[in-house]
There are 2 protein chains.
Amino acid sequence: MNVTQQRALDRQVMGWLDEAHTRILKRLDQHFHVSTKDGARDLVTDVDRETEQFYVGKIHEYNPHANILSEEGYGDAVSSLAGQVWFVDPIDGTMNFVTEHAEFATMLAVFEDGKPLLAWIMDVVNHEVIHGGPELGIWQNEQVLATPLNRDLNEGLMILSGYRLLRGEMALPEIARQALGFRIYGSAGISFMHVLRGQAVGYLSAMRPWDYAAGIVLAQSLQLRVGRVDGQPIDVLQSGSVVVATPSTYASIMTIEQSN
Amino acid sequence: MNVTQQRALDRQVMGWLDEAHTRILKRLDQHFHVSTKDGARDLVTDVDRETEQFYVGKIHEYNPHANILSEEGYGDAVSSLAGQVWFVDPIDGTMNFVTEHAEFATMLAVFEDGKPLLAWIMDVVNHEVIHGGPELGIWQNEQVLATPLNRDLNEGLMILSGYRLLRGEMALPEIARQALGFRIYGSAGISFMHVLRGQAVGYLSAMRPWDYAAGIVLAQSLQLRVGRVDGQPIDVLQSGSVVVATPSTYASIMTIEQSN
């Protein structure tokens, strides 16, 4: 897909996101059903399922041959990055969606034969979308997003996973201690947006493919570093503990992880 | 001060906040000087000082006899709640202000002979103000704010102080474990706003008078519970570990604190 085709696809998906924004905000004013998946803190709602079905329908209309890896199971069983593969997280931060009616995201990413093409993260309530890719550049809505300043861990905010910090996993307490400050937001999408805008120096959490696929496409296009905390290469079809950070912060975190 | 006078004062202070909003956002686009107070994480900027001087000027114009307890020292040495006492926090969440250019607040509260009258918390970037008092009722901008649902700790989000959680103080790890979820935002004002809107079931942190004076006036007017975690009565001239929560969450937290 050349850059002209990418630009056209970006415009098309921005239209899907406008429609999703309207649908999701309307659903917030209505009754929706909340249930649990894997434990009391892993929530899913009708709106997660409806929104995923909406995206899956749009993607299949755009490309009937696309493979879709999605959170709620309306996509495909994807075992390879051959061809065009989409990652879909309809409502990221469902607990925030349910309890706050705010601070949740919707995320899409598309790869072609393993190569990241384009990605989109929308802060739904604020209707802010960070989008683009390595060839198209990165935008927040209509504005070009610059590469964040290369601040180190002790010069900025680090965003962490709450319960993993509490359990002392992945050296998170030591990372928190060395950071200028740390925050817990409860949504991977909202956390990635803070790092992409340079509001935080990094984000570290255990994530599933749809939690981080869009984020790492956008981050790498902005010269941020992404990797697994165990030092293994990222396989975007696999879950893992993933860090995204400025180059300096990434180095500091990896030093902490290796001495852990 | 009767309700009509309170309504007039509320309108007047909303005008000050509009002006402060414009001034602070303009300063975000310019260079400002950052220095530290009590340690590397206790930041202060020119904008904190200028904004405090702006409020102190407005308050003295409104009432030359008012006593002002304020963060940056342009107010008075207040040792009693006799007469009219104002609490001023010009930029609450200065680290967020500096690193994120977002998620910070400005807070004002006024007491008369120890009785809470009115308070204001503004999320500056979003230009959202929660304001009012026990007699006037509570509003977000022009919209009446309802008493939040009385959800328990395990049914909602609890907002905590990051470094105190990390050090295991005030039973915060146990509170975090029992909550449905927990968040760290780094601004007392932004945290109070989440509880006042019913987006979180509670907030607990070690706070100074200007960090919590406005928040507890607004919270009590919405039938939320406020108190010190050590069970002592709140003296708004003193620093302390303060909790604001729904009645159910408050009871659950106090049970945890007492068995700590």
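Note: Cβ is positioned from N, Cα and C throughout, glycine not excepted.
Binding of Mg(2+) is annotated in TrEMBL for B:D89, B:I91, B:D92, B:D211; the matching candidate from B:E71, B:E72, B:E112 at the same site is B:E71.
Every protein chain shown contributes to the tally, and the Cβ of B:D92 (Mg(2+) binding site) ends up with 27 other Cβ atoms within 10 Å. Residues B:E71, B:D89, B:I91, B:D92, B:D211 make up the record's Mg(2+) site, and a Cβ search at 8 Å around their centroid adds B:D48, B:V88, B:P90, B:G93, B:T94, B:A105, B:T106, B:M107, B:A188, B:G189, B:W210 from the same chain. Shown are the binding-site residues B:E71, B:D89, B:D211; the one with the most C-beta atoms within 10 angstroms of its own C-beta is B:D89.
Taking a C-beta cut-off of under 8 Å and a sequence gap of six or more, B:I91 (Mg(2+) binding site) has these contacts in its own chain: B:I24, B:T45, B:V47, B:D48, B:T51, B:F97, B:F104, B:A105, B:T106.
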